[in-house]
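The (6S)-5,6,7,8-tetrahydrofolate binding site annotation in TrEMBL covers Ser121, Leu122, Leu123, Pro124. According to TrEMBL, the feature domain 'Formyl transferase N-terminal' maps to 18-191. As annotated by TrEMBL, domain 'Formyl transferase C-terminal' applies to 218-325.
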Amino acid sequence: MINILYAGSPDVSAIPLERLIAESVTPGAQFRIAGVLTNPPAAQGRSKALVPTPVAQEAERAESRYGITVPVFTPEKLGAQAREQIAAVHPDLLVCFAYGKIFGPKFMALFPYGGINLHPSLLPAYRGCAPVPAAILDCKSETGITVQKLAAQMDSGNILLQRIIPLSGTETAGVLLESAARAGAEMLLEIITGAAKNRAIPEGIPQNDADATYSAMLKKEDGLIDWHDTARAIDAKIRAFNPWPGAFTRVRGVQLKIHRAAVYGGELPQQAREALDRGAIPGTVLGVDKKEGILIQTGNGILAAATLQWQTKKAVDWKDFINGSGDFPGMICGTQE
């Protein structure tokens, strides 16, 4: 029986945990979730009430679902006190997905089987914090998910298992990350089951550092749309930054988010053709296609915006948006005035 400490925090990290807990209570299971390691509760909403992470909430649901108690550890730092508390549950293996803190050698010494990590890319491609948005931004035809051994350097561990995920060019980062997490849960089960049988984690295949690429942490300002980019690149940005930080522009100084769009390939309506004939610059709202949405000129091609959101207002589809902003056609996105 392998005792697992699961480390993670956000919604997507709760997906594999849910699967592992469910499998751990089946007859003949060869592992158990000895505890979870997650970030401390954070203040949310207007009331600033402290809310546990999604991973903590998933662990707490195990009692009502399966009648088992999964200890939850929420240290600010992985110091001596945290190590002592975690050692008390006798963990054998650390399983990590989106925890967000570095594991030092003293902490890793708690785990006889070492640690494994789920990373949503085909390592060594897209090491780092935002591999899913990076793959979408680069308009890749495929990405994937990797189970790697934890190593001292970020995302550089030996590869234990990989799965390719084909990309259609319509995925948002949120949808793709959820799909990767569900596939990753099954991969973790495969590795853990094998470890229980062989009493060890496989050595794995070393990564070729020369092939490594990196994905930087996203910032809110990264979502600003440059209308001189191509329609394809802007569509990719909108999808890559959905749900966070969101792709946005400014119209007469007011922020406008575009949540959903597509490269336009239809026959231009007359209003849009006339705007093009007048020499529309990138960012010009050309008009409306009754099937596709609001048409905006880019540096190369036309973008059809389908779901939009003015600052301080709710996101709406393009029809409701036009009903509330009838003078929008003819405006220029990316302007302060």
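Heads up, the Cβ atoms here are built off N, Cα and C, so glycines get one too.
Where TrEMBL records a feature, it is marked here on the structure.
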residue: Ser121; record: (6S)-5,6,7,8-tetrahydrofolate binding site; Cβ within 10 Å: 25
residue: Leu122; record: (6S)-5,6,7,8-tetrahydrofolate binding site; Cβ within 10 Å: 20
residue: Leu123; record: (6S)-5,6,7,8-tetrahydrofolate binding site; Cβ within 10 Å: 26
residue: Pro124; record: (6S)-5,6,7,8-tetrahydrofolate binding site; Cβ within 10 Å: 20
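Mapped onto DSSP classes, the domain 'Formyl transferase C-terminal' (218-325) shows 29 helix, 39 strand, 40 coil. Take the mean position of the Cβ atoms of Ser121, Leu122, Leu123, Pro124, the recorded (6S)-5,6,7,8-tetrahydrofolate site; other residues of that chain with a Cβ within 8 Å of it are His119, Ala125, Tyr126, Arg127, Pro131, Gly144, Thr146, Asp155, Ile159, Gln162, Gln207. Mean model confidence of the domain 'Formyl transferase C-terminal' (218-325) amounts to 97 (pLDDT, 0 to 100 scale). When secondary structure is read from DSSP and collapsed to three states, Leu122 ((6S)-5,6,7,8-tetrahydrofolate binding site) falls in the coil class.
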